[in-house]
Amino acid sequence: MSDASHLVPVAVHAPVHSGLGDLLSYASPEPLPPGTLVRVPLGAREVLGVVWDGAAPPPAAGVEIRAVAGVLEGLAPLDAHWRRLVAFTARYYQRSLGEVALAALPPQLRTLSAEQIARRLRRSTPAPEVAAETIENVVLSAEQESARAQIASEPGPFLLFGSTGSGKTEVYLRCVQEALAAAPDAQALVMVPEINLTPQLEERFRARFAPRFGAAAVVALHSGMTHAQRLASWLAAHAGRARIVLGTRMAVFASLPGLRLIVVDEEHDPSYKQQEGARYSARDLALWRGRTQGAKVILGSATPSLESWHASLPATPEDPAGGRYLRLHMPSRIGAGALPRVRRVDMNQQPRRSVLSPPLLAAIAERVARGEQSMLLLNRRGYAPVLHCADCDWKSDCPHCSAHQVFHKLDRTLRCHHCGLTQRVPRACPACGSLDIVPIGRGTEQLEEQLAELLAPVLRPDGTPARIVRIDADSTRAKGALQSQLAQVHAGEVDVLVGTQMIAKGHDFRRITLVAAVQPDGALFSSDFRAPERLFALLMQAAGRAGRDAAYMAVQGTPCEMWVQTSHPRHPVFEALKRHDYPAFAAQQLQERAAAGLPPFSFQALVRADARTQDVAQGFLRAASEAAQALPELAQVTLYPPVPLAIQRVANVERAQMLLESQHRTALQRFLAAWQPLLHATRADPAHKGLIRWLIDVDPLAI
Ligand code: ADP
Ligand code: ZN
Ligand code: ZN
């Protein structure tokens, strides 16, 4: 190493488990500013790295310092805001800095050569000079205007609590417009929970902003795009050419030097939580990023997460955590459209084993005859959740998982939805040879089939039969299938839509006048304390698909309805749904959570262990727990005993977990930081040889 060369700290993808530090030292002939993207040798490979802040770590004894292999020319360094966000994420979610930094970058930055990237950069044209055309704006409703004005004048963060169809998206559009008008380099980030929701959002944003800023000013960022598309969007955002980034949770890490506004639509949606690697919550990171980067944050929902709702309640002496978010309320639907009337069918009073109760079926038939659309929700795909032998009690269990294989009638398969194992449906019982094997329970395929039979005698206004379409993960496997199926619904080419929760979210269907939850009871008695919250949100969202077009409803002259088939019609979830009363539901749930000391009144983390046997998995967790007893940081943290996961075995891997709880977020953080090295040490102990992996999930969504 010559005297002229500089030592720089570089974040590379060295996972926590590798034992390498967060940062490695490399030599460079030039000083390289933090945030510079470089290629560096790592072992026998050359990898992408990010020059980091601070001093280069001293190399371990006897380790030779290697030189930076190249700098990605033409790319401005990633700014300090971005680096801080990455560093915070790594610390908070207990992962390595390099892992988070590299995962936050588009994959092609890692795989393309410097020349290839330079070519991509040349190819992207600079932002066109667009005439300062004025944007066509709709007139905001009084509620929308009040929300807009408060967002303009207050610092936030904001919880936009607006009914389905109250025009939240219009408020986002207006706030983005104002944020962009504030400075020529201002940028906005708008997040939605699911890839499926990005095309329609993109269309609305493009229609609004392309005339003013050019079509290239709006880009998308989600995992449904090709790597080349993702790189192009990322580069445009990084260079400031893209003014608006629309994306799913991964977009929270986009490099946005001019970021002024972040919108998190449907903020309650569990999809914002990443379920592998760094298990981050994009909503929580959006709040953190907004605060540190000086961007306003709007969380929007008709059914906010109880965490966000709690933060938007006024602070009281007993509960000082309130008042952190400013709540903006938009209770009314645009165009004076009414929210659907909720009708509960007591399934105890209906003929046994009926899928669709006679009154619900009659209501659907009426809609078909009038040319209106209905939507039926059933949260199980396939034909039936299990096949059963009446003679010997054999069940279609997956040999590799503690779960049943689901019967799919259309392609005559038994499929495990956990490990993917797919087999032909046996002609006879594999255990006793009996031919008497029958499906038990029902899924969307069966619902579609039975509906076709039941509606056969019903005709549409033009005398043709009802058209039924099923939308679920099976029907939409082919690329573009979902978009074309949704387009069919929008075009009015479908009378009855059957599907899983996939269809309940966000879509602006115009002619649906009836929505039905066919079998929602399963979630009422789940062991997961968040199950009622999820069910309520799902049903409210589903109800929100009905009667969205006030003008259409006025012409039809019929009320829109949400039907719920249940054996527990008096359950508080359904009582609150009946009144469309989220605040009452939230109050009741928060009271229960407070009494039980559950989030948002406490903070949790999970440690999970996967192994070939349950003994090894739990043994590792027990040893880690014993090691923790020596830590003074344990004082404010409760460590529960290891238990198997609800689905204990998947693909022959046994899974166990251990819950940690604390009254204080910082106490939990301090404990996890102190405990991590002990977990690594425990892992290295030969006593736990059969352990496949372990991981930490901070603020887990499923216990
Ligand atoms: P949400 O996001 O709250 O479900 P949207 O923003 O999608 O609601 O609005 C519902 C419908 O009302 C959309 O078709 C939208 O174009 C329309 N809309 C929203 N705001 C207005 C307004 N101020 N005037 C007229 N139509 C509006
Ligand atoms: Zn049998
Ligand atoms: Zn399986």
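The backbone N, Cα and C atoms fix where each Cβ goes, and this holds for glycine too.
Annotation source TrEMBL lists Zn(2+) 1 binding site at C389, C392, C429, C432. What TrEMBL records for C398, C401, C416, C419 is Zn(2+) 2 binding site. Among the features that TrEMBL reports, domain 'Helicase ATP-binding' is placed at 149-322.
Annotated features, which come from TrEMBL, shown on the structure.
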| residue | record | Cβ contacts under 8 Å, 6 or more apart |
| --- | --- | --- |
| C389 | Zn(2+) 1 binding site | K395, C429, A431, C432, S434, D436, I437 |
| C392 | Zn(2+) 1 binding site | C429, A431, C432, S434 |
| C398 | Zn(2+) 2 binding site | H404, Q405, C416, H418, C419, L421 |
| C401 | Zn(2+) 2 binding site | C416, H418, C419, L421, I647, R649, V650, A651, N652 |
Arithmetic mean of per-residue pLDDT over the domain 'Helicase ATP-binding' (149-322): 93
DSSP-derived structure type at C389 (Zn(2+) 1 binding site), helix or strand or else coil: strand
Contacting binding-site residues for ligand 2, chosen from C398, C401, C416, C429, C432 when the Cβ sits under 6 angstroms of any of its atoms: C429, C432
Other C-beta atoms that fall within 10 angstroms of the C-beta of C432 (Zn(2+) 1 binding site): 13
Zn(2+) 1 site shell beyond C389, C392, C429, C432, criterion: Cβ within 8 Å of Cβ centroid: A390, D391, D393, W394, P430, A431, G433, S434, D436, I437
Largest tally of Cβ atoms lying within 10 Å of a Cβ, found at which of the binding-site residues C416, C419: C416
Filtered binding-site residues, from C389, C429, C432, whose Cβ is under 6 Å from an atom of ligand 3: none
Residues close to Zn(2+) 2 site centre defined by C398, C401, C416, C419, Cβ within 8 Å: P399, H400, A403, Q405, H417, H418, G420, L421, V650, A651
